[in-house]
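Down below is the structure, laid out as structure tokens.
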Amino acid sequence: MAGPLTVPWMPPHDPGTPALSVVDMHTGGEPLRIVLAGCPEVVGPTLLAKRRYMRQHLDHVRRRLMFEPRGHRDMYGAVLVPSELPDAHLGVLFLNNEGYSSMCGHAVLALGRFALDFGLVPAPPSDAQEALVNIHCPCGLVAAFVECEGCRSRGPVRFHSVPAFVLATDFLVDVPGRGKVVVDIAYGGAFYAFVSAEKLGLDVCSAKMGDLVAAASAVTEAVKAQFKISHPDSEDLAFLYGTILTDGKDTYNEEPTTNICVFADEQVDRSPTGSGVTARIALQYHKGLLELNQTRAFKSSATGSVFTGKAVREAKCGDFKAVIVEVSGQAHYTGTASFIVEDDDPLRDGFLLK
């Protein structure tokens, strides 16, 4: 029997296109592909300017890493960039199957571990139980707290969100083929529409995923057409990211409440959705269903994975009353890879099946 195969060289590829080296992680089942090397410089004086530059000039990097054959329609990614904020340890641009997210909680939880393990933050004191990682996301600065032993991460990570607020409650939206549906719209670094799956004739815990995706996508498109999203800080943040279908259990309870998030181009989050948990906590606090520092558990109907969240203090976002939300979850490493492009590959920039 032949021994293990060793490959000391890269496969044939376009010498003018550097290999894209990545570390893969997941948080509650939701993937995160972190670019280590091979991405051209992302130019811009601010993080939001860098986001615009990448969309306009480097979108082939996103497509190559997120799309098939190197990824899949539910792949998620992160490109690390310098931040203009003095307190930030790193800046990040989030990649999805449609474009560029403003916030991603599952990615922040993973990046907290990654930043500590890969030496992107100062080494914590030898007796420290947690390391602070300040991550500049497109929505703002997010503080992640990473359980550690020396310079290595261990256990769960938690983060404190940007100010989260409610944009609308009980908004009546006409969903084609499904009638009039009442939704809430809240912001947790990204805007989501929230609706109980029961109002759409579905059980979020047992319905077929295709049915949940179709229903959530219909709500998203209807809200986009019938409600004007605005954000007090930047028009770059003023868009509906997706719809979160819930089990309707918004009143405080020690038992987990279940939801599923469908975002971008019908992309399904395998985790409970960190920015969605943030927005849902803000919504429950706004409605008087939750007090400060009351912890709720949120379960993904896709994988059963659980995040916890709580409102830790009140804040403001423009004229909106807001809260800072703490979200906790566990991220894991899954591997490393180097992706290449051959110059005669007609599918070099990837494709998606729908």
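Note that Cβ sites are derived from N, Cα and C of the backbone, with glycine treated the same way.
Feature list (source: Swiss-Prot):
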ACT_SITE  CYS104  active site, proton acceptor
BINDING   GLY105, HIS106, ASP269, GLY274, SER275  substrate binding site
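Shown here: features listed in Swiss-Prot, placed on the structure.
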residue: CYS104; record: active site, proton acceptor; Cβ neighbours (10 Å): 33
residue: GLY105; record: substrate binding site; Cβ neighbours (10 Å): 33
residue: HIS106; record: substrate binding site; Cβ neighbours (10 Å): 32
residue: ASP269; record: substrate binding site; Cβ neighbours (10 Å): 30
residue: GLY274; record: substrate binding site; Cβ neighbours (10 Å): 34
residue: SER275; record: substrate binding site; Cβ neighbours (10 Å): 36
Seminar exercise, completed: Between the two most distant Cα atoms of the substrate-binding residues GLY105, HIS106, ASP269, GLY274, SER275, the distance in Å is 11
For this session: Taking the recorded substrate site as GLY105, HIS106, ASP269, GLY274, SER275, identify the other residues of that chain whose CB atom sits within 8 Å of the mean position of the site's CB atoms, giving them in sequence order.
Result: THR27, GLU30, MET103, CYS104, ALA107, VAL108, LEU109, CYS261, SER271, PRO272, THR273, GLY276, VAL277, THR278, PHE307, VAL327
Seminar exercise, completed: Per DSSP (helix/strand/coil reduction), ASP269 (substrate binding site) sits in coil
